[in-house]
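Undergrad: Mind looking over this structure? Questions follow.
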Amino acid sequence: MDLMLNFSNVYDEPTNKIKFIDCKDISGTNMYCTESAKNEIKKKLKNYSPKGIHFIDSGNYHYLTTFFTDKINFPYSLVLFDFHNDMQNAIFDNMISCGSWAKELLEKDKNLHQLFLIGPLQNTIDAIHVKNQNKVIPISIETIQNSLNKKELITKALQQFDTDHPTYVSIDKDVLSEKYARTNWNQGQMSLGTLKHFLSFFMQKTQIIGIDICGENSHNEPFYQKIIDEKINKQTDVDLYKFFKLH
């Protein structure tokens, strides 16, 4: 089922095609997720599988990906589009965060076969030091930008992709340039077209388990800027949703 998880009041209630789950009354969720918040979120997601397209608010809540991947009980690959590596050391050992969730997934999820990280700067990739690092296959934004033939680049860069395993896709829109997304984090330079080229490759080569999309902007930004940013974000959300539904 397609879901929309509303934590920071950035979403309007969608049409009946997407299940709207209001989470804004759960405390202890912004950037870090407390144990009590984790239990509350699990209750709300209890009846939903990883299958479908899930909108999960701003990048502050990207750790929600793990609530879906935790339900996968067989070997799988994760394709992560993000301008950041999300593999920092956790400040608090007992709390997952938007900056450490991918590291925790790599180190604890025995079903995770490969993690493709697509879109960060090379120095962000170089800063990765995690257990099971051999599972991480990164593609920097510099590699993408320096390629004249995007289709050839994607084919070559993804030769290490193991098509025998189904794949979960997680997209943080901060991987995109500001032409296509306005987020509350610093952003990359990827175009929406390039993102779709990558997505098409994975969708043609493997079974997609589910997809999540984060990267909304702060609900508290100035009103005039909020109107502009929400229009850009909504357009990209709708574009990606239609893209996945047509494929």
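Using the three backbone atoms N, Cα and C, a Cβ is placed for every residue, glycine included.
Remember, it's a predicted structure, so these values are computed and weren't measured experimentally.
Summarising the annotation, TrEMBL assigns Mn(2+) binding site to H62, D82, H84, D86, D172, D174.
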Undergrad: Same chain only, sequence gap of 6 or more: which residues have a CB within under 8 Å of the CB of D82 (Mn(2+) binding site)?
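TA: Sequence-distant Cβ neighbours: H62, L117, I118, G119, P120, S170, I171, D172, D174, V175.
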Undergrad: Three-state secondary structure of D172 (Mn(2+) binding site) from DSSP?
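TA: Note: D172 (Mn(2+) binding site) is in a strand by DSSP.
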Undergrad: Taking DSSP as the reference, which of helix, strand or coil describes H62 (Mn(2+) binding site)?
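TA: DSSP call for H62 (Mn(2+) binding site): helix.
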Undergrad: Using a 10 angstroms cut-off on Cβ to Cβ distances, just flag whichever of H62, H84 is the loneliest among these binding-site residues.
TA: H84
Undergrad: List, in sequence order, the same-chain residues at least six positions removed whose CB sits under 8 Å from that of D86 (Mn(2+) binding site)?
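TA: Counting only residues 6 or more apart in sequence, the Cβ neighbours of D86 (Mn(2+) binding site) under 8 Å are H62, L80, C98, G99, S100, W101, A102, K103.
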